[in-house]
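Participant: Below is one structure. I have some questions about it.
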Amino acid sequence: MNFGSWRSQDSRSLSPVGMHSFLFQMEKLRLKEDETCLQTPGFRCTQRPAQSFLGIRGVQSGRVGASAGACRQGRMVCARVALGPGKLWAAAWGLLLLAGATEAQRGRKKVVHVLEGESGSVVVQTAPGQVVSHRGGTIVLPCRYHYEATTHGHDDVRLKWTKVVDPLAFVDVFVALGPQHRAFGSYRGRAELQGDGPGDASLVLRNVTLQDYGRYECEVTNELEDDTGMVKLDLEGVVFPYHPRGGRYKLTFAEAQRACAEQDGILASAEQLHAAWRDGLDWCNAGWLRDGSVQYPVSHPREPCGGATSPGAGDGTSGGVRNYGYRHNAEERYDAFCFTSNLPGRVFFLKPLRPVPFAGAAGACAARGATVAKVGQLFAAWKLQLLDRCTAGWLADGSARYPIVNPRARCGGRRPGVRSLGFPDATRRLFGVYCYRAPGAPDPAPGGWGWGWAGGGGWAGGARDPAAWTPLRV
């Protein structure tokens, strides 16, 4: 038990074990401070004022001789060396009763607690510490508090949610005081209290976006009492490396942020990159992360990628995440590691009667009520919708790529992933195009024919049956 925090707790909440610990600490402190000046058996003179640290005056004995008087002249208090177990318990209960009486005179103290576990996460039965959602989903950020008051209602408690964007930077999300509620910024119309009975400060967040990823702080305040708890919102998704047409190592930190946003993503966090490395991501080019650090994941150690024994997030002989640390974000240039999540719409491959140049890709998709897919959308379709197509197609940034779920001969190797052919000459008629149709968008040319993904797992639930690829209206 933390002795220094005892006075902030309700005395009635102490268990016998807690009481024993409290008494032990009290006696330990007393003995530590004692300076014996009297050798009379059964007595000890301590150089301590009559008012003790708990607000209880020292006990003086009637068996005080000349030496004890000398102690009193030195402004010392004469008390017994130790109390027996029974008297020690009685003295402790007396201390608690006196403290309770003092509180009653000042009025009942209002104590607000946000329940937290040892890890610092808000304690809930379903998802302690972290909750997981996806783009477009609805999630509850759990937070409960305990408010001990009989004469005041929960309307006196202020509930505030903020997002932690930096160690010392916060963004207001939601605040509530009694019946008055208000959401801020991009959370307007999406955030509201769950309101599941007294003590529930959980926040319901609808239509989750990529920018919602991160840590949130739940703060409960009543007058001078307040406490906080942390909840981390994680998103299902995929990390992908990216560099623009200009080549590798061309992006400052701000340019990397914009590049990810243009490709339907955000800069990945260090935790997301580490999870992607554990999932098999192997990339030999260093890239910016959200916190301003520069790292890259190596699953298969080799000399051109930091060496076979370079330190990283894992054993050097089995790969790891190589870390360049925090770099100058306005002067140094690297690639980017982006993160994207679930797609609300659908990505499909459109193969016109003959290949089109890049300039014709937008028109081909528009004729089907769609737009040219972005790099992040293709990665999300590959990872989360199991899009599998062994044919390269144009993407919005001018690159040509294709997604492989089931590796096979002549489709780019033995590992799944999104294969890239770089940035071909935009005037060449080499490819079809990958299109993205938003949910609910109509097909303005239902009579048009093309070759597309028929759904399922790409190859008809994983079977390599050519019949799975059939002409269909897209």
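Just so you know, glycine gets a Cβ as well, placed from its N, Cα and C.
Where the annotation comes from TrEMBL, it is an automatic prediction and has not been curated.
Residues annotated as disulfide bond in TrEMBL: CYS284-CYS305, CYS390-CYS411. For 121-236, the entry in TrEMBL reads domain 'Ig-like'. Annotation comment: TrEMBL describes 238-340, 345-437 as domain 'Link'.
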Participant: From the Cα of CYS284 (disulfide bond) across to the Cα of CYS411 (disulfide bond), what is the distance in angstrom?
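Facilitator: Between the alpha carbons of CYS411 (disulfide bond) and CYS284 (disulfide bond) there are 21 Å.
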Participant: Reported in the order helix, strand, coil, what are the DSSP residue counts of the domain 'Link' (238-340)?
Facilitator: 25 helix, 30 strand, 48 coil
Participant: Please list, for the domain 'Link' (345-437), how many residues fall into helix, strand and coil according to DSSP.
Facilitator: 19 helix, 26 strand, 48 coil
Participant: At the level of the C-alpha atoms, what whole-angstrom distance separates CYS390 (disulfide bond) and CYS284 (disulfide bond)?
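Facilitator: Each residue's Cα considered, CYS390 (disulfide bond) and CYS284 (disulfide bond) end up 24 Å apart.
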Participant: If you count Cβ atoms within 10 Å of the Cβ of CYS390 (disulfide bond), leaving out that atom itself, what do you get?
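Facilitator: A count of 18.
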Participant: Work out, from DSSP, the number of helix, strand and coil residues along the domain 'Ig-like' (121-236).
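Facilitator: Secondary-structure composition of the domain 'Ig-like' (121-236): 9 helix, 63 strand, 44 coil.
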Participant: Could you work out which of the disulfide-bonded residues (CYS284, CYS305) has its C-beta surrounded by the smallest number of other C-beta atoms within 10 A?
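Facilitator: The disulfide-bonded residues CYS284, CYS305 were compared, and CYS284 has the fewest Cβ atoms within 10 Å.
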Participant: Please give me the CB contact count at 10 A for CYS411 (disulfide bond), counting all chains in the structure.
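Facilitator: 16, counting other Cβ atoms within 10 Å of CYS411 (disulfide bond).
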